[in-house]
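Per Swiss-Prot, the feature S-adenosyl-L-methionine binding site maps to GLY35, GLY36, HIS37, ASP55, PHE80, ASP102, GLN109.
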Amino acid sequence: MSQEFAHLSVLLNETVDGLNIQSDGIYIDGTFGRGGHSRHVLSHLGENGRLIAIDRDPQAIEAAKQFADDPRFQIVHGGFGQLAEYVEELGLTGKINGVLLDLGVSSPQLDDAERGFSFLRDGPLDMRMDNSQGQTAAQWIARAEIEDMAWVFKTYGEEKNSRHIARCIAADREKTPFLRTKDLADLIARITKNKERNKHPATRVFQAIRIYINSELEQIDQALEGALAVLAPQGRLSVISFHSLEDRMVKRFIRRHSQGESVPHGLPIMEAELNKSRKLKAVSKALKPSDAELELNPRARSSVLRVAERLDY
């Protein structure tokens with residue numbers, strides 16, 4: 001792999017340590033990427049351990065060939081939202097000792113201009129995690145209604161100027177279609193008056209389009225529920241988030257399943273009965289990268305790790 005597209009796994013030790021790995025356990029890396037976390041998990045497994053990796057990016061599947069000779073490893077081409085289905089097909093539901101999810105876009109995807117994720121590198125306006133299927137960002141922008149674009153920018157990017165940006169995109173696309181990342185990024189930079197310090201004006205819009213094109217939040221919701229369904233008692237869930245939308249989802253998911261079912265006030269219920277509805281417990285407070293890691297990998301600055309443990313049924 002070229003140095004340009006090298007990838008540093010974020011919170012590597014903390015994430016894998018959070019899994020509390022058993023040498024003969026069965027683990028899932030739901031976001032294989034370029035294999036950094038998988039490699040670290042495998043280094044903790046004995047010869048009877050097993051790691052099932054998942055990724056929908058064809059380039060990640062190609063990168064997984066580095067582990068082709070390791071009988072403990074297998075790769076599945078697909079989205080992590082379907083992890084429960086893959087585990088069920090393998091007959092391993094309820095037997096998984098740990099699930100790892102590293103959400104968001106990877107450095108190689110950002111750095112490869114041809115993938116169309118970055119507003120800093122000119123390339124085709126694509127943004128698909130799996131570039132073999134689905135509509136591209138350019139195709140969506142070409143036909144989306146102004147209201148729909150504004151909703152996506154505000155909902156998935158928390159962009160305050162969502163409506164203004166959507167109107168400007170709609171007006172400009174009548175003259176020239178948006179086919180390149182630079183075209184879209186330059187337009188947003190040109191029409192944005194109050195620019196945030198140390199943040200490109202197109203950051204939020206590009207994030208929003210990427211999330212929408214790849215149904216990322218739906219995939220995360222399905223992956224979290226799927227992880228809960230496949231984990232064995234005392235199995236661990238380690239999740240790295242990179243922006244507030246992702247982290248809120250993970251935080252609320254863990255909190256909801258840690259508190260158990262809500263009971264109407266005054267209704268007599270035994271503590272043991274209430275405990276049965278509690279499916280998770282938070283293992284630690286949210287973890288952020290150390291100063292040393294941030295110096296080595298500035299892209300880790302917004303990452304947050306949350307770890308939870310599956311309670312007995």
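Counting starts with 1 at the first residue shown.
Each residue, glycine too, has its Cβ placed from N, Cα and C.
Positions of the features from Swiss-Prot, shown on the structure.
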| residue | record | Cβ contacts under 8 Å, 6 or more apart |
| --- | --- | --- |
| GLY35 | S-adenosyl-L-methionine binding site | ALA53, ALA63, ALA64, GLN66, PHE67 |
| HIS37 | S-adenosyl-L-methionine binding site | SER9, LEU12, THR15, VAL16, ASP29, THR31, LEU100, ASP102 |
| ASP55 | S-adenosyl-L-methionine binding site | THR31, PHE32, GLY33, ILE61, ALA64, ILE75, VAL76, HIS77, GLY78, PHE80 |
| GLN109 | S-adenosyl-L-methionine binding site | ASP57, GLN59, ARG115, PHE117, MET129 |
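Taken over all pairs of the listed S-adenosyl-L-methionine-binding residues (GLY35, GLY36, HIS37, ASP55, PHE80, ASP102, GLN109), the Cα spread reaches a maximum of 17 Å, rounded to the nearest whole number. Cβ neighbour count for PHE80 (S-adenosyl-L-methionine binding site) (all protein chains, 10 Å cutoff from its Cβ): 29.
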